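Per Swiss-Prot, these features apply:
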SIGNAL    1-21  signal peptide
DISULFID  Cys33-Cys60  disulfide bond
DISULFID  Cys40-Cys54  disulfide bond
DISULFID  Cys44-Cys61  disulfide bond
Amino acid sequence: MNLCLSSLLFFLVILLPSGKGMFGNDGVKVRTCTSQKAVCFFGCPPGYRWIAFCHNILSCCKNMTRFQPLQAKDPWVH
């Protein structure tokens with residue numbers, strides 16, 4: 001693969017929204033991750049704890065019930 005195509009793919013991967021986007025993201029349901037009562041994201045959003053990898057690039061994240069940071073609160077919900 002030439003350098004131009006590699007750099008384009010690199011920037012596309014960097015620009016992917018990780019965790020919760022502007023309109024919310026419920027994550028991807030993968031059987032190995034849902035058995036832990038968790039979901040898969042491109043990176044754990046604030047308020048989620050990392051557990052394992054899902055399919056090598058996704059992160060299996062579990063919602064934190066205690067000690068959630070202030071960033072975990074959804075600004076769109078009043």
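Cβ coordinates come from backbone N, Cα and C, glycine included.
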Sort Cys40 (disulfide bond) into helix, strand or coil using the DSSP assignment. strand
Cys60 (disulfide bond) falls, by DSSP collapsed to helix, strand or coil, into strand
Where Cys44 (disulfide bond) and Cys60 (disulfide bond) are concerned, what is their Cα separation in Å, rounded? 8
Determine, from DSSP, whether Cys33 (disulfide bond) sits in helix, strand or coil. helix
Which number gives the other C-beta atoms within 10 angstroms of the C-beta of Cys60 (disulfide bond), all protein chains shown included? 25
